[in-house]
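*Asks:* I am attaching a structure below and will ask some questions about it afterwards.
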């Protein structure tokens, strides 16, 4: 019968699950909860379940149905029997039938009256559960009967069956029916709920998985279960399982194929035996059997363990036996699992095919529908076959599990797919691809995982296969490692063989060959060890097994029993498994060698095929891993060296370890080539020594050997412990032996696998040159291959998804006629995702490449920095270690490295000696930890002679010494003074850390330099003599920008400013110490600074360095002092007038009670370091090559005048800021001087004492005369500045001297000299002194002491001194000189501005009067002509619409000539056409976003920006025809924006909102900047004009010319002359053109004598043209009219034609002078209307002044006085100044970020209103700290400054400044007197 007849019903899955899973679990639970005769029946049922086929309609009519009915009947019977017997027990008392009660109890029938309720439930629940499960199975089988019968009848008729089904056929059908149902159940339509459907799908998948496991790995599963069953509870019974397990494993190892018949027979025997074993074990749990067979050695030997304990007093209570263990509980469960697994496997083999008769094959063909069409079997076939379930998730190249099985193990197999009933029978390794027809007739590929190789389609092995082959080939390594691990895990004489054997093989050169040769021995020996361990773990005592041997001997041979033997047996089996794999690999290779010997040509083909099919990914991965291990595995070995040597207690063998390691390190540091030549031998010695150590420690753990060592060698146990021989517990032993074993393994790997490659990698003699370009190309190629593989796998995944989708659609629509079209469309849904993934991979490829390249560059930069500064780190670190651990032996380190810093020749000596000496120190400290060395035996006790030697000591001094002196606290160990040797208990590493760090620093330094040497050799680079980080950056790049400037200073910062840095460090040393040594440093500093000139300082600098080095050594000797073991105290402690501890500390004298602070030497070390570097700088300055790269480091000529700046300066002018670097320079060289003065002022006012008075005086002097002072020669400026620096040094030295009183005699000063404390701010700022408690009578100035502010002042003074000596400062001086020349120019521009405003106001009022008169005349004329109103009105309108041309220069008055609304609208339209749309403000943008949404607002904003950019591009590329392309791009951008809007989601909305807020913030900032600029527009214009004029003067000055105020007017005159000449030439050309043409053409330039680019006139202050800066101050009513005017409304040609001109007529010039006089009156206050009209009437012929005709000038005219009175706006609008540097500066400022421009706008506003800002600060100061002194300044403001028009004079500011200075002095003196 076909497997499809039951395959369409989901009930088969449920029934199968209930019968095969739930029912056995219930039966197992039943027998576990109840141990009596009834449960035995259930046990028999449980063992019988695998014997029956799965229930279905066919099998339910046969044996399976009868079996289920029997279980159901048994459950009902047992339930009825127990309940029915309770009636009998109720009427019959217990005493009457006492013997029968016992019988009934053992049978399982008990009195419920004697049992509690929980136990009653426990006794009845199994019967209920079994009954319900069987009834449920019967119910499901009956529920599916009709549907099943109809389908089966149809199948029978189609197959020609006679309609009768025998029991044999039903039984044969059971397996395939249930199996097929699990396959097809999910394809049938279901009406069950979704949860049930999901459960059915899960159960189906689980069934497929279990079936696949049983088909593919059934033998493996059975073998593993046999092994587990054998070792879980070792006994004679389980020995059979274990022996069978070993036999099967050895058959696999020897490649002996067990036929299916033999293996099936073995499984049958194991099934019978395991079933009987389970039954016996269960019977032994019954109380009756335990009474008959008590538990003793015999029962334990056979594995009969009583788990259930029955108390006869309470027999109904279930309890576990106390002696039971978890292996005893797990063992029965494993037996049941073994039983069911073997039965299932046998059942499948039996039902799959029958090898003995033809009827078996016929039945199989009836079950599998199309099988006979594929292959015909004969009864004579005796080939081994296997049923394989084909999965669908593998690829089509045969790399799946089934293809491997078919190819490697089985030549004949059955294979069928879970989606189709077709079965493939394969008889060879040639496979074909099947195709089937879906119900619609469409041909699709059959979904199998072993689509298959043909003779022409050959593909290489997969990466997983290659990895497996690699592991198999390296199995000898695993075996050798396992031998060591086994011997370490189980310490015995038997495993010692493995340890020795492994060590011997590791030492051999050809390890693999010898390991393969020893494979049989290891496999056999390991198996014997397993057998011995199994026998020793039988439940017998050692007396029973080995009665004559003592216990410790059995322990030494590992034959003494374990508490939980199964764990140890499992570990040993896993260890032995590696030996079995090794033997299998050895036999396999031997067979391959035989085949290759027979046919050498085949060998070549196979090898070539293997090479060609090698995975590129595996090759790259292997190369990468190997490269990493070769380079860094030696660090792992070094780490293991440390760990082995310094872990736990110190022993002699560990000292020898560290000696070997230190020898290697010293050799590496001192002689690199010798180290490389001896490295291999070194590792060989380490490996041999480690083996000896490991074997000795291993052997010493045996009880017999321990006593033998003590007897033969005659060494006590304590000495043996010092050597390292000590016995440990089991757990501790594992840890102690495992560490040396792993270290041995690490060294062996380094010796045999990585050492050769490491030596070739570190060979500096034969470095292969490979430049950066080749490295980058190799990297690109490697990454390309990796990502190409990923893309290829992605394409495979895409193809597999499509095939999977096809099969899913086909199987889901098996009953349909054809596939729908939309399913085909769905197949392409995955394509975009795959394409996106490919795009992502491309992007990741690029990012990875860039990241790796940046990582390389970062590594090179880091290595270069380390190379330059490694010596500084090493020297500083070694001196720091010496200071932390003061001893006589460390003095050698300090002396060497102290003098190696300034003297370069001593550095190699210091390096080599320090390496050896550090090793000696480490070994000495380790030897000092041995138990044989006992410090109490030779320590000195100085307390004994104290009473006889100190009669003259004072009582206080004696008490202090007893409390603090080292001599009298504890016995003195002389080793501590000699070398810092002390006992460290079990933690040795903290004691050795300092000297190990010295070694580490030395190794670090030499490694860095050799790495850089290798890097240069590899890349073909040359070693640069200069110590620079960035190659190729010189002083020529200093002015190229911020980044080149930073690179330059990274290279040469110390070269340029090292001397100043040394002085600052010296001051820091003084401030940190404040003792006698610091005082000496201050004297040395002043002696050096007294030389002043750099060259003179360089001459004495070597002496200064020698002084510092010698002084450091002297201080360290003072810290060491006398040996305390001599018990001799210092004289300043013995004398009657003993010095105090504070004085001893200040004088830095050696003492045992108050020892000198050695940490102070670190500050001197830092000073010596920078001084040594500066000494090298002084030497480099004399080298021409260094000067070429780093620049000259000499001081400029002190008498160099700024006029000769252009001839001598090597730097560019930075005053016109064209970059961020120029801004920094401008701050440093122009404003840093005033910042220094501010810091000096803060230094003088922060602390009130006598010293601060000098700072204030200097500050006020430079503030008052700073501007004038900077114009003096540099020599004069430096003289004053050096005086201020000298004063700072004197103050620092005096404070250092006063620290003697503040730190030593502070207590006496508090009592008798409080005024001195307050006057000089005396307080001890150094920790460690014993200071008195604060006194209320004399307050200590804690916050005012110290030299912090003095040091800051000293630092900025030195920095400003360098500014004075810089060439850049000459530009500042030049700018100051030009500013002095133009001191009154700003006032002239301001006056011209006022005049212009007054003139505009006057003309505006005159025009208003004229318009008013005309309007009155028109009204009057209308009234007079009333009869002719209509005609007159039309005439009046015509006249009003007529705009007559005026010849008086009124170029802007056409708006007021008429009242016609139409003309006004036309003018507005024309104005709007000329004016470009303004950019929206921030609030307009916000309003638009509120109304139309943020997207519309952003779109409009972007459109405006694009329009602006387009206009700029059109102006730049108008001639290149790029407008069309730009418009196309704009349309494309708009289209892309629409597409983005359609695909917008929540994330884009959030990003859009954030973007809008950012744009709004930017717009708001721009609006604020515009508003601030408008507030200070006049000042900005004036400052721009002054900037232009100063630049012009600077240019003239740099040319060596003298400049003055008249130079600017001369420039205007020359410019005017040049413009007039150009205008004359243009006019002449126009006249020629007019003659040549028939019609007149107006000149393009109608201006009379000047060619202007603006509509504004600058030739006369009387021009009526409005300017942007015109502000009317007379009448508020006319201000609106002025605001309504717009310059764009004026016609340019008309305005230029009607301009006023200067004539040579004396009459006109006279009139002009009269006008100027009138304007002076207007400025003085005559601004009301009457005065204005009077002034207008006084002007004769004002309308005729500008009516002169246009004339051509034959020669330039002279500038008149009025021409000089141009406003700043007119000068800027006419673009008189054409200076490229300033234009670039303006572009730079306009390109600054909004935040920076906002800061500049605020600064400009404050600068324009500087006087108001000063007024505000003065008033605020008075409000905050009101006093009579501060009241005077506000009075000055209101009574003097506010009354001055327009601004107060310089006298006011000088008065305020001087008064402020006097107030500060007065307030400081008052505060000092109060204190």
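Keep in mind that glycine also has a Cβ here, set from the backbone N, Cα and C atoms.
Pasting the relevant annotations from TrEMBL:
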- 161-172: compositional bias 'Acidic residues' (COMPBIAS)
- 174-188: compositional bias 'Low complexity' (COMPBIAS)
- 1430-1440: compositional bias 'Polar residues' (COMPBIAS)
- 1507-1525: compositional bias 'Basic and acidic residues' (COMPBIAS)
- 34-759: domain 'Piezo TM1-24' (DOMAIN)
- 1202-1436: domain 'Piezo TM25-28' (DOMAIN)
- 1450-1502: domain 'Piezo TM25-28' (DOMAIN)
- 1808-1865: domain 'Piezo transmembrane helical unit' (DOMAIN)
- 161-192: region 'Disordered' (REGION)
- 1423-1442: region 'Disordered' (REGION)
- 1507-1539: region 'Disordered' (REGION)
- 12-33: transmembrane segment (TRANSMEM)
- 39-58: transmembrane segment (TRANSMEM)
- 120-141: transmembrane segment (TRANSMEM)
- 220-253: transmembrane segment (TRANSMEM)
- 260-284: transmembrane segment (TRANSMEM)
- 624-644: transmembrane segment (TRANSMEM)
- 873-897: transmembrane segment (TRANSMEM)
- 909-928: transmembrane segment (TRANSMEM)
- 1104-1126: transmembrane segment (TRANSMEM)
- 1223-1242: transmembrane segment (TRANSMEM)
- 1248-1271: transmembrane segment (TRANSMEM)
- 1815-1840: transmembrane segment (TRANSMEM)
*Asks:* List the helix, strand and coil residue totals of the domain 'Piezo transmembrane helical unit' (1808-1865) as derived from DSSP.
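*Replies:* Helix, strand and coil residues of the domain 'Piezo transmembrane helical unit' (1808-1865) number 46 helix, 0 strand, 12 coil.
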*Asks:* Can the transmembrane segment (12-33) be said to touch the transmembrane segment (1815-1840) if we require at least 3 CB pairs below 8 Å and skip pairs under 6 apart in sequence?
*Replies:* no
*Asks:* Quick check for me: are there 3+ Cβ pairs below 8 Å between the transmembrane segment (873-897) and the transmembrane segment (1104-1126), leaving out pairs under 6 residues apart?
*Replies:* yes
*Asks:* Given the cut-off of 8 Å on Cβ pairs that are 6 or more apart in sequence, determine whether the transmembrane segment (120-141) and the transmembrane segment (39-58) share at least 3 such pairs.
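*Replies:* Yes, since the transmembrane segment (120-141) and the transmembrane segment (39-58) share at least 3 Cβ pairs closer than 8 Å, they count as touching.
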*Asks:* Counting Cβ pairs under 8 Å that are 6 or more apart in sequence, does the total for the transmembrane segment (260-284) and the transmembrane segment (39-58) reach three or more?
*Replies:* yes
*Asks:* So what's near the transmembrane segment (624-644) in sequence-distant terms, Cβ-Cβ under 8 Å and 6+ beyond its ends?
*Replies:* 654, 657-658, 661, 739-740, 742-743, 746-747, 749-750, 753-754, 757-758, 761
*Asks:* Apart from its near flanks, which chain residues at least 6 from the ends of the transmembrane segment (1104-1126) lie with a Cβ under 8 angstroms of it?
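*Replies:* Distant Cβ neighbours of the transmembrane segment (1104-1126) are 882-883, 886-888, 891, 894-895, 898-899, 901-902, 939-940, 942, 966-967, 972-974, 977, 1077, 1080, 1084, 1088, 1148-1152, 1155-1156, 1158, 1160-1161, 1164-1165, 1167-1168, 1171-1172, 1175.
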